C-alpha cells in the first residue's frame, strides 16, 4: 500500500502532537497513544478506513511475527513477565524481612541507617516497584530504630529507584528502553550503534540520574536537610512520629533475596558474552569482551538470566518449606499481572514509533529546527519537554513511548551526531519530571507511612 507523503507538511506532527496533548490532559497514556496511532493510520491511508485497518494490523502483527519467525521483541516481553514473577517470589519468600533483621544487628547509628537505605538500590535495581517494596520493608525497621523520619526514607527510595533502574540494562526499565532504541536505530538505518551499546552510552550521559543518586548519598551522609524535611527529622528525633512496627509474614532468609539477583546478573552477563562471541565468530572477528557486548543478543540473554533466577528462587523457597503451593502459584499470577501495563505501553510505543517514522515527522520538525534553533540546544529542549510531559502525566514509561520516537526523528534528520544525547535527554527528563505524580512516587510515601 502506498502511503501519503507528509514529509513537508505540518500535518506530519498531528499524530504525535495529539498523543502528547491527550496524555497531558487525561493522564491516560494508552488512550492517548491509541488516538495518535488511529489518526496516524487514517492519515497515511488517505482516510480510507479499510486501508488504515490493514496498515495497522500489518504493523501490529509484525511486532510479534515477521520474516517467517517470532520477532525478537518478544524476548523482551517474556523477560518483563519473568521479572514480574521474580519480584513476586522474592516478596512472598520473606527475604525482605530476613534482610531487615540481618541489617538491624549491624547498623550502629542514624547515618548508617540512611546509607543502608540508599545502598540497597545496588541490590534491588531490577525494577522500581520492587525496589520501593523491598527497601521499604528492609530499611524501615532500621530507620525507625534510629529515628530517621519516614519522609526522609521516602525521599531516599524515590530518588534512587527510577534513576538507577533507567541506567541498568538488567532491569525492567533497561529492557524496555533497549527495545525502543533497537526499533529507532532500525527505523533510521543507523548501524554505528547496537541497541545495548547505545543504551550504555546514553546512561553515561544521563547526568540527572547520576546526580540524583550522588545527591542521595550526600544527604544521607551529611544529614543535609531543607524546607519541610527539617521539621520531619526534628519530629522523628523527638519520637513524635514513625513508631516501630512489628513485622509479620513469612520469615525467610537473606540468601533468598541476594542469590536470585546475583544469578540474574551473572547468567545474563554470561549469556551476553556467549551470544556476542558467537556473533563475532560468525563474522570471522577476533573475540574481545567489548566486542562481545557490542554484538550480543540482548533479548535472549535477559530471558536466560530471568529463567535462571526464577529457578534459584524456587529452589530456595522449596528448601525453606514456608510457602505453600497455592501461595507460590498466586505469586506467578501477581507477578505477571504487575507487568501487564508495562507490556501494553511497550506495544503501543512500538506502534507509534512506526507511525511517526512513516509520517516523516522528524524530517518536517528538523526542517523547522535547522537554522532557527542552535543544534546544541536540542538536548536541553528535549529534556525540558520530557520533564514537563512526565510531570503532567505522572509516567516515565509513557513519556519514553511518546517522546523517544519524536526525539530520534528530529535528531536523525537534523543532527545525527546528537542522536544519543537527545535520547538521553528524554530519559533524564522523564525521570526528573515524574516523581510527584507517578504511582511509584505515591507508593513510596504510602508504603513508608508518610502523611500526604
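Every residue, even glycine, has its Cβ placed from backbone N, Cα and C.
What TrEMBL records for 164-436 is domain 'Na+/H+ antiporter NhaC-like C-terminal'.
Beyond its flanks by at least six residues, the transmembrane segment (6-25) meets 31-33, 35-37, 39-40, 43-44, 352, 355-356, 359-361, 363-365, 367, 389, 392-393, 398, 402-403, 405-406 of its own chain at Cβ-Cβ distances under 8 Å. Taken from TrEMBL, the feature transmembrane segment covers 6-25 (among others).
Per TrEMBL, the feature transmembrane segment maps to 37-56 (among others).
According to TrEMBL, the feature transmembrane segment maps to 76-100 (among others). Listed as Cβ neighbours of the transmembrane segment (76-100) (distance under 8 Å, sequence separation of 6 or more from its ends, same chain) are residues 126-127, 129-130, 133-134, 137-142, 171-172, 175-176, 178-179, 247, 249-258, 260-261, 264, 298-299, 302-303, 305-307, 309-310, 313-314, 316-317, 320, 322-323, 327-328, 330-332, 334-339, 342-343, 346.
Tertiary proximity for the transmembrane segment (173-190) is limited to same-chain residues at least six positions away from its ends with a CB under 8 Å from its CB atoms, namely 73, 76, 79-80, 83, 127-128, 162, 165-167, 196, 198-199, 202, 298-299, 302, 342, 346, 349-350, 353-354, 357, 362, 396-397, 400-401, 404-405, 408-409, 412, 416, 419, 423, 427. Taken from TrEMBL, the feature transmembrane segment covers 173-190 (among others).
Taken from TrEMBL, the feature transmembrane segment applies to 196-224 (among others).
Per TrEMBL, transmembrane segment is recorded for 257-277 (among others).
Positions annotated as transmembrane segment by TrEMBL: 297-319 (among others).
The annotation transmembrane segment is assigned in TrEMBL to 331-352 (among others).
Beyond its flanks by at least six residues, the transmembrane segment (364-385) meets 6-10, 12-13, 208, 403, 406-407, 409-411, 413-415, 418, 421-422, 424-426, 428-429, 432 of its own chain at Cβ-Cβ distances under 8 Å. Under the heading transmembrane segment, TrEMBL lists 364-385 (among others).
Residues or ranges marked as transmembrane segment in TrEMBL: 397-415 (among others). Within its own chain, the transmembrane segment (397-415) has Cβ neighbours under 8 Å at 16, 19-20, 23, 29, 32-33, 36, 173, 176-177, 180-181, 184, 187-188, 190, 342, 345-346, 348-349, 352-353, 356-357, 360-363, 365-367, 369-370, 375, 378, 382, 385-386, 389-390, 422-423, 425-427, 429-430, 433-434, counting only residues six or more beyond its boundaries.
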Integer average pLDDT (0 to 100) for the domain 'Na+/H+ antiporter NhaC-like C-terminal' (164-436): 85
Same-chain residues near the transmembrane segment (196-224), Cβ under 8 Å, at least 6 residues beyond its ends: 110-111, 114-115, 117-118, 121, 155-156, 159-160, 162-164, 166-169, 174, 177-178, 181, 185, 233, 272, 293-294, 296, 298, 383, 420-421, 423-424, 427-429, 431-432
